[in-house]
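Sequence annotations record features per position, and here TrEMBL assigns transmembrane segment to 36-60, 72-91, 111-133, 153-171, 210-229, 250-273, 285-305. The feature domain 'G-protein coupled receptors family 1 profile' is assigned by TrEMBL to 54-303.
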Amino acid sequence: MTMEGDISRGFINVASRNHTDAPEFLLLGFTDDSELQPLIFCLFLSMYLVTILRNLLIILAVISDSHLHTPMYFFLSNLSFTDICISTTTIPKMLLNIQAQNQGITYTGCLTQIVFALVFDIFKNFLLAAMAYDHYVAICHPLMYMVIMNPRFCVLLILLSLSLSIVVALLHSLRVLRLSFCRDLEIPHFFCELAHVLKFACSHTLINSILIYFTTCLFGGIPMCGIIFSYTKIVSSILRLPSAGGMYKAFSPCGSHLSVVSLFYGTGLGVYVSSALTNSSRNTAVASVMYIVIPQMPNPFIYSLRNRDMKGALRKLISRTPSLL
């Protein structure tokens, strides 16, 4: 009886050592080659600074120019803010780890990355859908545009989207808090992605997986369906115009938005396909860069390239602040 009790206590002690309440994760990044680390540091630092500067210029231009105080530019400034937040959630920690030659991230830091990455990723889905709806109302119901897209409605739309994003992210984080971890927590990624973290859980993750698929279908599928519906109506309305010039003029404002939508959902689909087709987690991490880092960088350039109002606002802003030149 005593021997059985000792064996039982020994098993419990082993289990308690293996299951940690506050584990530390290791972000392995892209490569173990120390010679490539400075190159990766410089590359990601450059992309991060370009992303922050360009998106910040868009926000300041919209705020400073009264001609841009319209629903379209209101949503655009929120999109730029979201792009800044997505990049800031992931890249600085990776740069600090490379600089300090330390791959560790605390459990709290890892959970924080998961929450903020989910919040702003879901919020961006809603923003792109809201911008598509704005184009739909402007083209298909121009006489009712100012009535439908009034400032109060736009603000409520943003607040509702952000609130839903926060609720979904908190649901995922609460489920992660209930998990225990008992393996070497070496994440072959440059940030704590929810799907990768779940792989190291000792406890059952079935509910977590169901929640991921459910929220992805609901909060990713509904905005995408809204975008498809809006552009179906837009194309149908434009095709009824009598002249090709009128068609081009009507559809021209949608070009930038379609480019951003294609880049966002296209890179997301690329990450999903690469993770399904390859067994290399490092290759998946490289593919994730195309989704987490790359789309945030060219968005301001896309929206300012063919937009005369935005070009004019940026020129005025830069002329007022010579220090930015």
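Cβ coordinates are placed from backbone N, Cα and C, and glycine is handled just like the others.
Bear in mind that the values here come from a model prediction, so they are computed numbers and not experimental data.
Within the model, the domain 'G-protein coupled receptors family 1 profile' (54-303) carries an average pLDDT of 86. Panel annotation: around the transmembrane segment (153-171), residues 71, 74-75, 78, 114-116, 118-120, 122-123, 126-127, 130, 211, 215, 219 of the same chain, lying at least six beyond its termini, place a Cβ under 8 Å from a Cβ of the stretch.
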